[in-house]
Every structure is written in structure tokens, then in C-alpha cells.
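Peer 1: What follows is a single structure, and I will ask about it in a moment.
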Amino acid sequence: MLKREMNIADYDADLWRAMEQEVVRQEEHIELIASENYTSPRVMQAQGSQLTNKYAEGYPGKRYYGGCEYVDVVEQLAIDRAKALFGADYANVQPHSGSQANVAVYSALLKPGDTVLGMNLAHGGHLTHGSPVNFSGKLYNIVPYGIDESGQIDYEDLARQAEIHKPKMIIGGFSAYSGIVDWAKMREIADSIDAWFFVDMAHVAGLVAAGVYPNPVPHAHIVTTTTHKTLAGPRGGLILAKGGDEDLYKKLNSSVFPGNQGGPLMHVIAGKAVALKEAMEPEFKIYQQQVAKNAKAMVAVFLERGYKVVSGGTDNHLFLLDLVDKDITGKDADAALGRANITVNKNSVPNDPKSPFVTSGVRIGSPAITRRGFKEAESRELAGWMCDVLDNINDEATIERVKQKVLAICARLPVYA
């Protein structure tokens with residue numbers, strides 16, 4: 001018999017110590033990785049529930065196992081909420097991750113060797129949009145598109161590439177692009193060559209849900225997203241569509257299960273259902289509006305201090321610092337800021353002279369700091385501290401001074417009060 005008072009602390013001290021150290025790290029460090037966020041205790045409650053015990057291969061009402069009457073309710077709640085939140089008429093909440101959702105789309109629509117137009121990773125795309133080290137770049141013929149000298153997507157070049165290469169699918173979406181994507185324009189280009197238009201909105205899903213960023217669902221044939229990042233739910237994936245036929249939706253479902261996954265993670269799907277409900281609250285819209293304001297506030301400080309921001313600004317939750325002119329590598333900037341308890345990630349910039357393991361830039365995002373209560377004033381102050389570190393990257397005294405300021409503001413604005 002299992003006893004509810006069983007706990008990790010009494011049983012596995014080594015594991016518990018690492019878990020507790022991570023709790024301290026999250027509370028005492030400022031998190032600026034654009035893809036990270038803090039999920040609510042309600043989501044964590046769902047993920048730690050007895051739903052983790054249940055196998056449920058198949059879909060609500062069509063399971064391969066018995067005893068699924070209650071997990072059917074859980075999954076249907078998640079499906080219905082996803083459709084309502086994003087204005088879709090189809091949703092699959094089973095993908096274990098955003099990458100798994102993307103795998104399912106590729107598998108449903110394409111054959112190996114088909115041509116795909118995707119955003120260049122160095123210009124802000126994602127691994128699953130055609131990187132040669134990823135399944136997408138290995139199995140499909142990838143033609144990359146990118147940004148122009150102003151840092152905006154070059155739609156003329158995209159249209160030209162589409163006309164020349166006649167891809168079966170065009171991918172919209174990004175992991176490090178700070179502009180507004182013209183989804184309607186991309187759909188127009190896709191329609192001109194009879195291609196699928198697939199959008200990966202993983203980074204901006206929360207902004208989209210709150211009406212702060214344009215919704216791709218009315219324009220794309222298929223949309224995928226993660227359920228964490230700006231959406232602030234559990235780590236997982238989601239597939240959405242609107243206006244498609246039942247044959248397409250059946251292909252997508254079959255591509256997820258049994259095509260690429262087995263049993264769904266019902267405890268995570270419950271977490272998705274909670275997060276989707278939270279995203280419908282008025283407070284969530286206020287949060288997302290503040291995310292965008294904080295990112296803009298930080299950009300203004302970096303520009304004032306003489307730092308180059310790719311595209312010159314941001315219209316979402318993230319931006320890229322280009323450090324080429326400062327003769328600082330992304331790797332060194334990442335490490336120095338880390339010693340000041342400020343967490344970022346090194347990132348390639350357009351025409352980067354450095355390797356992806358070194359890079360010439362850092363990516364900065366505002367979802368996590370906004371979640372813990374930062375407003376524009378704190379965001380500007382933080383950006384100033386970061387400039388102090390980068391201006392004196394080898395001065396440990398400066399780094400230590402900034403670290404003490406970081407610890408103070410983290411104590412004032414805890415993640416979990």
C-alpha cells in the first residue's frame with residue numbers, strides 16, 4: 001500500500017537537495033530566457049496528480065483502454081478551451097512538446113524529400129523549421145528565408161523563393177524574431193503556389209491569446225504551439241486549425257497517435273486545461289500587455305547605452321542584442337550576466353561571424369520577469385544593470401555589485417509569494 005505521507009526529502013536526499021537548489025536559483029536569479037516562464041501552482045497541482053497513473057491511448061470516446069471516462073472529461077475540457085481561446089475549430093492537446101507537434105504536422109502533410117520554405121535559424125527561425133541538425137533538415141529539402149537589412153521578414157524574397165522552388169509547405173513563426181509577422185501576406189504567398197501554410201506560434205501564443213499579437217489561426221492551414229513560454233502552462237504542445245476539412249483533422253490526429261506518440265500524458269493535459277482557463281481571465285490580458293511594455297522598456301535602455309538591437313526594437317516579448325560591434329561574444333556575455341544572477345542565452349545574430357556554440361548575441365525575453373511583478377521601471381533598471389556588466393565584462397567588482405542589486409529586487413518580487 002502506498003502512503004500519502006511518502007516524500008522525496010526523507011527518501012532521496014541527493015535528489016531533494018538538487019530540487020531545492022533549483023527552487024533557490026529560480027527565486028534568486030532574474031530569468032530573461034525568452035522561452036522560459038513560471039507556471040501557476042494550479043498547473044503544478046495538476047501535473048502532480050494521480051492522472052499520471054492512467055494510460056489513455058486514443059482520443060476522447062475512442063480509447064484503446066478501459067477506465068477512461070474521467071480522463072476523457074479532462075482532455076475534452078482542454079480541447080474545448082484551446083478552440084475557444086484561439087478561435088479554432090480543431091485542437092489536438094496530446095503532443096508532448098512543440099517539436100512533437102511540428103513532427104506530427106510534417107508527417108501528416110509531407111513525404112520525405114518534399115521542399116519546405118522555413119525561416120533561417122540564424123535569422124530567428126527554429127530548429128524544427130529546417131535546421132540541418134534536426135529531423136526537418138534531414139528528411140526534407142529546406143529552402144531558408146530570412147530578414148532584410150532593417151531586421152524585418154523579407155516578404156519579397158520569400159515570394160520569390162516560393163515561386164522558384166514551389167515548396168509543398170511554407171512555415172511561419174520563429175524563436176528569435178522581434179517583429180510582427182504578416183500572416184495574411186504569408187498565406188497569400190502560400191496560396192499563389194498551392195502550398196500548405198503552417199505557423200509555429202510557440203513563442204507568442206500567450207500574446208496571441210490576449211490579443212496583443214496577431215492571431216495566425218484564421219490565416220494558416222495549421223498552427224502549432226507550446227503550452228509554456230508566454231502561455232505560462234506546463235511543458236507540452238498543441239495543434240490548432242480552422243476551416244479545414246475532416247480529412248485533414250483525421251490525418252493530424254493519426255499523425256500524433258499512433259503515428260508519432262503512444263499514450264498521452266494525462267497529468268500534463270490536465271495542466272494544459274488549467275493554463276488555458278487561466279489564459280481566459282482578464283488578469284492574463286493585463287499580464288501579456290505588460291510583457292510587451294517591459295520588453296520595449298528594456299530595448300530603449302540598451303539603445304540609449306549604445307547597444308545594437310536586431311531590427312531596432314521589439315513588437316513582442318523578446319529581442320536580440322547584437323554584440324559584434326562591442327567585440328563581446330554571446331558566450332562571454334551569457335557567462336558574465338550569469339555571475340550577476342541574470343540568466344540569458346547566447347544566440348546567433350544575422351550574418352554572425354561566430355559559431356553557434358560561441359555566437360555574437362544574446363536573446364532577452366520579458367515573460368518571466370513580468371510574471372514575478374516587474375513593470376517598466378524595474379525593467380529599465382534591470383537593463384541598465386546589464387549594460388553595466390557588459391560595459392565592464394571582466395570587472396568582477398561590478399558584477400558583484402549588480403548581483404547584490406539582483407538579489408534585493410528578487411527578494412522584493414518573489415516568484416511564488
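Each Cβ is built from the backbone N, Cα and C atoms, and glycine gets one as well.
Below are the features I grabbed from Swiss-Prot:
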BINDING   LEU121, GLY125, HIS126, LEU127, SER355, PRO356, PHE357  (6S)-5,6,7,8-tetrahydrofolate binding site
SITE      HIS228  site 'Plays an important role in substrate specificity'
MOD_RES   LYS229  N6-(pyridoxal phosphate)lysine
Peer 1: Quick check on the recorded positions: of HIS126, HIS228, LYS229, whose CB has the lowest count of neighbouring CB atoms inside 10 Å?
Peer 2: HIS126
Peer 1: Fewest other C-beta atoms within 10 angstroms of its own C-beta: which of the binding-site residues LEU121, LEU127 fits that?
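Peer 2: Result for the binding-site residues LEU121, LEU127: minimum number of other Cβ atoms within 10 Å at LEU127.
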Peer 1: Using all protein chains shown, find which of the binding-site residues GLY125, PRO356 scores highest when you count other CB atoms within 10 A of its CB.
Peer 2: GLY125
Peer 1: Mind giving me a neighbour count for SER355 ((6S)-5,6,7,8-tetrahydrofolate binding site)? Other Cβ atoms within 10 Å of its Cβ, every protein chain shown.
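Peer 2: Other Cβ atoms within 10 Å of SER355 ((6S)-5,6,7,8-tetrahydrofolate binding site): 11.
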Peer 1: Among LEU121, GLY125, HIS126, LEU127, SER355, PRO356, PHE357, recorded (6S)-5,6,7,8-tetrahydrofolate binders, what is the largest CA to CA distance in Å?
Peer 2: 17
Peer 1: Could you tell me the C-alpha distance between GLY125 ((6S)-5,6,7,8-tetrahydrofolate binding site) and HIS228 (site 'Plays an important role in substrate specificity') in angstrom, no decimals?
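Peer 2: One finds 18 Å between the Cα atoms of these residues.
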Peer 1: Within its own chain, what residues at least 6 apart in sequence put their Cβ under 8 Å from the Cβ of PHE357 ((6S)-5,6,7,8-tetrahydrofolate binding site), listed in sequence order?
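Peer 2: PHE357 ((6S)-5,6,7,8-tetrahydrofolate binding site) has long-range Cβ partners LYS331.
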Peer 1: Return the member of LEU121, HIS126, LEU127, SER355, PRO356 nearest to the residue listed as 'N6-(pyridoxal phosphate)lysine' in space, with distance defined Cα to Cα and candidates limited to these binding-site residues.
Peer 2: HIS126
Peer 1: Rounded to an integer, what is the Cα-Cα distance in Å between SER355 ((6S)-5,6,7,8-tetrahydrofolate binding site) and HIS228 (site 'Plays an important role in substrate specificity')?
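Peer 2: The Cα atom of SER355 ((6S)-5,6,7,8-tetrahydrofolate binding site) is 28 Å away from the Cα atom of HIS228 (site 'Plays an important role in substrate specificity').
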Peer 1: Using DSSP and collapsing to three states, where does GLY125 ((6S)-5,6,7,8-tetrahydrofolate binding site) fall: helix, strand or coil?
Peer 2: coil
